[in-house]
Amino acid sequence: MTTHAAAPSTRVLIVDDSAAARAMFKVIVESDPALQVMAAVPDAFAAARAMRTELPDVILLDLELPSMDGLTFLRKIMQQHPIPVVVCSSHVGAGTEAMVSALELGAREVISKPAARNDLERQEASIRICDAIRAATETTRRRSQPEPRPLAPGPKLTADEILPARPPRPVPETMPVVCIGASTGGTEALRDVLTALPASAPPIVIVQHMPRGFTAAFARRLDSLCAIEVLEAEDEMQVMPGRAIIAQGDRHLLLRRRNQGYRVSVLDGAYVCRHRPSVDVLFRSAAQEAGGNALGVIMTGMGDDGARCMAEMRAAGAETIAQNEESCVVYGMPREAVAHGGVGKVEPLDRLAARIMEFGRRHTERTVR
């Protein structure tokens, strides 16, 4: 009888100055049989000593550290040992700019340190942290199929919780509008797309999975780099050419038609596909409000958020594009969108900006005839 060796566990180095946080992260990491704690240390110097003996597969890093701050340590890691890093911090107010800097320095993911006020929140936090750690290794291992989650999550809610489904209905011609959904790897991918767009780009509405407090700084940073205007969403904000609106962290974003144009709604509510904001919620609102006036783009990310409601967009007459596997950090959401029949075209990351502009031109030519 042939025996098969178990797949090696992903070794995680935890770096956090709080003993309580280290203990919490150890329990979370060890709850996933695909992960193991290599070491849990209080500062960057202890982490460096641990790494002289053994290199981890992923580092779970707090930014607020004694002696050497987390950003400085992250910069040194990327220069000397480019190991996947997941930043996990509770500093989402004054530290928000630092979080965006962490992404630019090469952190694979930035997540908020869980409050864990009840059992459900602890369970959801465990799933998010383990997913982030597992996703951080995807670019190295190039898995196209995510491994099954070992944790038993609570009920996975659909967009029906926020916006009831309805059959496709004809909608009047309006301005074109582009709806984009992204998750793991999306911050860098969105920067690549948005910085390639001219000021004449069609209106864009974006859901990027990020926690509360991160998206304002993310939008400001993109706004400083782009020819288009990039803003964090506010309720009833006008959607207009040359503007990209990014969903607030921890709030759903919906598209609403107003005469020949659009505004956005910012809503609280249940997690959909275990996310708030949810791509499915945005895409369903686009299917119902914009129909064939919309382009849906689903980009790199783990899981299936956006897949079901991208199919609704396509059924309502929208054009739809998925980022291709080769250019994704994690080929999860695009793969699921293809599987659900919601994708009209598959394109590499470096072609998405051109496709957005082509859509805008085609739609404008169609409406002026």
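For all residues, glycine too, the Cβ spot is worked out from N, Cα and C.
What Swiss-Prot says about this protein:
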type	residues	note
ACT_SITE	Ser183	active site
ACT_SITE	His209	active site
ACT_SITE	Asp305	active site
DOMAIN	11-128	domain 'Response regulatory'
DOMAIN	170-358	domain 'CheB-type methylesterase'
MOD_RES	Asp62	4-aspartylphosphate
REGION	136-168	region 'Disordered'
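All features noted in Swiss-Prot, drawn onto the structure.
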| residue | record | DSSP (3 states) |
| --- | --- | --- |
| Asp62 | 4-aspartylphosphate | coil |
| Ser183 | active site | coil |
| His209 | active site | coil |
| Asp305 | active site | coil |
List of residues, in chain order, with Cβ under 8 A from that of Ser183 (active site) and at least 6 apart: Gln208, His209, His275, Val279, Thr300, Gly301, Met302, Gly303, Asp305, Val330, Gly332, Met333
Packing count at Asp62 (4-aspartylphosphate) (other Cβ atoms within 10 Å of its Cβ): 24
Number of helical, extended and coil residues in the domain 'Response regulatory' (11-128), per DSSP: 53 helix, 25 strand, 40 coil
Integer mean pLDDT for the domain 'CheB-type methylesterase' (170-358): 95
Neighbouring C-beta atoms (10 Å sphere around the C-beta of Asp305 (active site)): 30
